[in-house]
């Protein structure tokens with residue numbers, strides 16, 4: 001028996017010398033038996049609506065599978081609008097204030113290029129290995145088990161901290177309409193709403209993300225149409241945009257603010273705004289047909305980056321001056337009305353538009369809260385199944401919910417009530433410091449895992465023809481992503497060391513120790529996790545020879561894939577590019 005057959009690879013899969021016309025590349029699991037059919041359970045059980053749904057799901061091949069009810073439309077909307085939230089609608093105002101409209105646009109464009117390559121690399125891996133835990137599993141498998149441990153726990157804590165943040169922002173957003181009721185009341189209301197969504201498990205998350213993404217994307221399109229009219233002077237005559245303004249704000253008060261420091265400071269906001277983009281890869285493990293649905297969803301990232309982030313923020317820079325005191329972090333701003341998207345409507349004198357945008361912001365923030373529970377709980381379950389967390393978090397109930405992992409993430413939501421204490425802001429700042437750069441390490445690990453996978457794939461005699469969905473930039477795109485991530489980390493280190501506004505107690509413009517770690521705490525925390533992981537498992541960097549590229553590989557419909565490739569090869573060049581990118 002050949003080494004490939006021993007690893008469970010079907011001989012019908014495309015080989016070293018070309019494509020097979022039939023058969024599939026199969027996993028070792030697929031040869032040992034068929035997955036358990038959970039569809040025999042009642043509708044109420046499958047949707048988590050009765051007591052039986054909380055019982056443990058039967059294990060298959062030693063691991064308990066998560067639910068697989070996510071459809072193509074869910075993945076597409078998660079990809080194109082899932083992570084649009086406070087970072088885009090509100091945080092962009094702070095970036096505009098500190099860096100100016102040109103820095104805002106350039107930094108989001110650079111991070112957009114980084115994300116484009118990262119998500120395509122993730123898509124290639126996820127189509128081949130749509131496994132529970134997603135990119136955490138890839139770090140463990142293709143890079144270093146100890147680094148995978150660090151990335152898994154880094155990702156869990158990132159979302160565990162984002163949840164109370166988003167709950168607090170929900171309460172503050174409501175203050176736009178209701179300044180009397182305590183923020184704590186609204187935190188409790190929105191926490192209950194997130195709990196209700198999670199009762200329905202994967203389907204609850206998928207449907208909530210689908211409809212909230214529809215609202216967010218629709219609102220962004222509406223904003224861009226209105227913004228175009230305002231820029232050319234089509235606004236109400238008694239408002240701020242009653243005559244043509246064009247790019248005058250790029251000249252006065254200027255395209256850049258705070259020089260090079262301002263430029264560097266915008267990167268963190270951009271990274272925060274793009275956080276969650278990688279969830280589409282995590283969701284692939286719970287899709288009905290990831291091979292069919294995921295490539296199309298990954299391609300939507302291009303539209304989100306260009307149409308919604310870049311074009312939307314371009315209009316923001318044309319409408320709101322960077323020295324506006326109402327922006328987030330300004331002298332006169334309070335969170336509920338600091339969004340440049342809201343301010344544009346107010347300054348234009350558009351009755352009701354500010355309320356509409358504030359509602360959209362509320363939906364967006366709540367959506368990210370739901371995503372936090374989803375992303376954190378699925379990763380925690382994967383860590384547990386790999387033996388890096390208590391076994392209780394491996395528990396998956398009959399409705400496909402990782403029950404104890406979801407409960408653990410929801411408990412972190414209670415931290416939002418700390419904000420009500422007089423010292424709550426200090427506690428919150430330190431918690432935010434833990435998650436500030438977390439996404440960058442996740443994205444870097446995805447790019448590196450993709451590079452390592454390709455090296456091991458070639459080393460073991462495989463060809464690119466055997467990969468059904470390939471990253472547009474190949475390994476060069478992943479190398480570019482890694483380089484950009486490194487540069488962003490360097491830029492943030494510079495700003496953390498020499499902030500734009502030096503705090504009290506600083507010397508010669510340098511930050512205080514407390515201020516530095518509040519801006520750069522994620523780095524030492526990740527390193528600490530790595531040391532703990534290595535001390536626990538005593539496993540380090542994997543050599544190419546030790547990387548397993550066969551176990552867990554999905555069975556693929558090669559006959560259909562080859563037929564599509566043949567059809568694509570006959571198309572004109574422009575059409576091939578269109579299908580590959582869009």
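Heads up, the Cβ atoms here are built off N, Cα and C, so glycines get one too.
Annotation comment: TrEMBL describes 74-540 as domain 'Amino acid permease/ SLC12A'.
Marked as region 'Disordered' by TrEMBL: 1-39.
The transmembrane segment annotation in TrEMBL covers 75-96 (among others).
Only residues 6 or more beyond the boundaries of the transmembrane segment (108-131), in the same chain, are considered here, and those with a CB under 8 A from a CB of the stretch are 79, 137-138, 141, 266-267, 270-271, 273-274, 277-278, 280-281, 284-285, 287, 290-291, 294-295, 297-298, 301-302, 305-306, 309-310, 313, 382, 443, 446-447, 449-450, 453, 467-473, 477-478, 480-481, 484-485, 488, 552-554. Feature annotation from TrEMBL assigns transmembrane segment to 108-131 (among others).
The list of residues near the transmembrane segment (152-177) in space but at least 6 beyond its ends in sequence, with Cβ under 8 angstroms from a Cβ of it, reads 85-86, 90, 133, 135-136, 139-140, 183-187, 190-191, 194, 275, 334-337, 355, 358, 361-362, 365-366, 368-369, 371-373, 375-376, 379-380, 382-383, 386, 388, 408-410, 412-416, 418-419, 428, 431-432, 434-435, 438-439, 441-442, 522, 525-526, 529. The transmembrane segment annotation in TrEMBL covers 152-177 (among others).
Residues or ranges marked as transmembrane segment in TrEMBL: 183-206 (among others).
According to TrEMBL, the transmembrane segment annotation covers 213-235 (among others).
Feature annotation from TrEMBL assigns transmembrane segment to 301-320 (among others).
Taken from TrEMBL, the feature transmembrane segment covers 356-376 (among others).
Tertiary neighbourhood of the transmembrane segment (403-421): same-chain residues 54, 159-161, 163-165, 167-168, 171, 182-184, 187, 191, 194-195, 198, 369, 372-373, 376-378, 380-381, 384, 392-393, 395-397, 427-428, 431, selected by CB-CB distance under 8 Å and a gap of 6+ residues from either end. Look at TrEMBL and you will find 403-421 (among others) tagged as transmembrane segment.
Here TrEMBL flags 427-451 (among others) as transmembrane segment.
For the transmembrane segment (472-497), same-chain residues at least 6 beyond its ends with a Cβ under 8 Å from one of its own Cβ atoms are 110-111, 113-114, 116-118, 120-121, 261, 263-265, 267-268, 271, 437, 440, 443-444, 446-448, 450-451, 454, 510-511, 515-516, 519-520, 523, 580-581. The feature transmembrane segment is assigned by TrEMBL to 472-497 (among others).
For 517-536 (among others), the entry in TrEMBL reads transmembrane segment.
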Taking contact to mean 3 or more CB pairs closer than 8 A (sequence separation of 6 or more), are the transmembrane segment (356-376) and the transmembrane segment (213-235) in contact?
yes
Can you work out whether the transmembrane segment (301-320) touches the transmembrane segment (517-536), with the criterion being 3+ CB pairs under 8 Å where the paired residues are 6 or more apart along the chain?
no
Folded-back contacts onto the transmembrane segment (517-536), same chain, C-beta under 8 angstroms, at least six residues removed:
145-151, 153-154, 157, 388, 429-430, 432-438, 440-441, 489, 492-493, 495-496, 499, 511
Checking distant contacts: for the transmembrane segment (213-235), what same-chain residues at least six beyond its ends satisfy Cβ-Cβ under 8 A?
77-78, 80-82, 84, 241-246, 308, 311-312, 315-316, 318-319, 341, 344-345, 348-350, 353, 356-357, 360, 363-364, 367
Taking every residue in the domain 'Amino acid permease/ SLC12A' (74-540), what is their average pLDDT?
85
